[in-house]
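Q: Before I ask anything, here is the structure I am working with.
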Amino acid sequence: MSFDPNMQKLYIQDVTLRDGMHAIRHQYGLDHVQAIARALDRAKVDAIEVAHGDGLQGSSFNYGFGAYTDWDWIGAVAEVLEHSVLTTLLLPGIGTVHDLKHAYEMGVRSVRIATHCTEADVSKQHIEAARNLGMDVSGFLMMSHMIDPEALAEQALLMESYGAHCVYVTDSGGAMNMDEYAARCQAYDRVLKPETQRGVHAHHNLSLGVANSIVAVQNGVVRVDASLAGMGAGAGNAPLEVFIAAADRMGWNHGCDLFALMDAAEDLVRPLQDRPVRVDRETLTLGYAGVYSSFLRHAEKASSDYGVDTRSILAEVGRRKMVGGQEDMIVDIALDMVKAR
């Protein structure tokens with residue numbers, strides 16, 4: 001896809017209020033989401049994603065219960081937005097078309113339909129439903145590092161055929177390097193229509209979130225996911241204020257107020273972190289072992305409950321190639337390790 005960020009504007013998608021839910025076990029207060037959304041809106045971010053960390057209706061025993069419902073959070077944010085597009089995330093099998101319609105009624109105008117990178121076919125019903133509602137819709141291929149670029153591109157092609165306006169290379173494990181990201185973006189170019197946008201969703205587990213986002217843009221990506229102070233699963237997403245600063249220095253057209261984003265990250269988001277969102281021995285293990293970033297807090301709880309090193313649990317998760325939705329197996333792994341002592 002031909003895209004020149006010096007001439008054409010990037011689409012900046014904030015995920016602080018969705019992926020960032022993972023970092024605090026989905027416990028944002030309504031005053032928190034309003035304050036953060038208001039700051040992002042004033043900083044002229046293009047879109048703000050709001051939902052439980054695992055998407056609409058993710059609040060459950062398996063994923064963790066939210067402090068509020070998706071509708072509470074979405075309603076609170078809808079009240080304060082004047083510029084940014086209200087967006088949400090839906091995983092087929094967790095959220096339903098009924099939920100999608102309700103989100104639309106509440107003011108959501110853009111949705112990302114997320115599947116594991118080999119399961120694009122389960123997104124068909126939901127992408128088509130979103131298009132029928134008149135929504136902007138993206139396909140979101142999670143754990144994109146787990147299959148080769150050509151196979152990923154074939155999955156992206158399916159999402160495009162269902163009606164997706166954009167398809168993401170989603171590095172849920174923060175496990176990819178710059179060459180691997182570039183290869184996947186280039187594979188998309190070989191099969192997708194020029195008018196279908198590409199997106200990047202990077203995690204920072206190997207400290208490459210910003211670097212991978214930059215390389216993705218250099219390879220034709222238009223939509224960039226990022227979060228204030230990196231607020232997200234694992235070591236977090238590409239930090240929004242850092243990406244914007246880097247983009248600014250490169251002369252890219254992003255339309256955001258850098259200092260306002262810095263202030264929001266420092267004053268509103270960082271104080272909410274009950275566990276620092278950073279690269280440390282546990283989050284580094286996620287990227288090193290290629291593990292779904294949202295498994296971090298689940299593995300840390302299992303470690304505390306059963307006295308097993310978090311890193312050992314995560315390494316075994318990676319060895320078994322577990323994917324999102326298998327959170328309950330983390331306890332099984334911890335119990336197996338206790339039994340093997």
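Residue numbering: from 1, along the chain as shown.
Glycine too: its Cβ is placed from the backbone N, Cα and C atoms.
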Q: What does Swiss-Prot list, out of Tyr292, Tyr306, as binding the same substrate as Arg18, Asp19, Ser172, His201?
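A: So the substrate site in Swiss-Prot includes Arg18, Asp19, Ser172, His201 plus, from the candidates Tyr292, Tyr306, Tyr292.
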Q: Can you name the recorded positions among Arg18, His22, Ser172 whose CA is within 10 A of the CA of His203 (Mn(2+) binding site)?
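A: Cα within 10 Å of His203 (Mn(2+) binding site): Ser172.
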Q: Restricting to the same chain and to sequence separations of six or more, state which residues have a Cβ under 8 Å from that of Arg18 (site 'Transition state stabilizer').
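A: Result: Glu49, Val50, Ala51, His52, Gly53, Gly55, Thr88, Leu89.
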Q: Expressed to the nearest Å, what is the distance separating Ser172 (substrate binding site) and His22 (active site, proton acceptor) at their Cα atoms?
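A: A Cα-Cα distance of 12 Å.
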Q: For Tyr292 (substrate binding site) and His22 (active site, proton acceptor), determine the Cα separation and express it in whole Å.
A: 12
Q: Non-local Cβ contacts of His22 (active site, proton acceptor) (under 8 Å, 6 or more apart, same chain)?
A: Gly53, Gly232, Ala233, Gly234, Ser293, Ser294, Leu296, Arg297
Q: Excluding Asp19, His201, His203, please set out which residues of the same chain place their CB within 8 Å of the center of the CB atoms of the Mn(2+) site, keeping sequence order.
A: Val15, Thr170, Asp171, Ser172, Gly174, Ala202, Gly209, Asp225, Ser227, Gly232, Ala233, Asn237, Ala238, Ser293
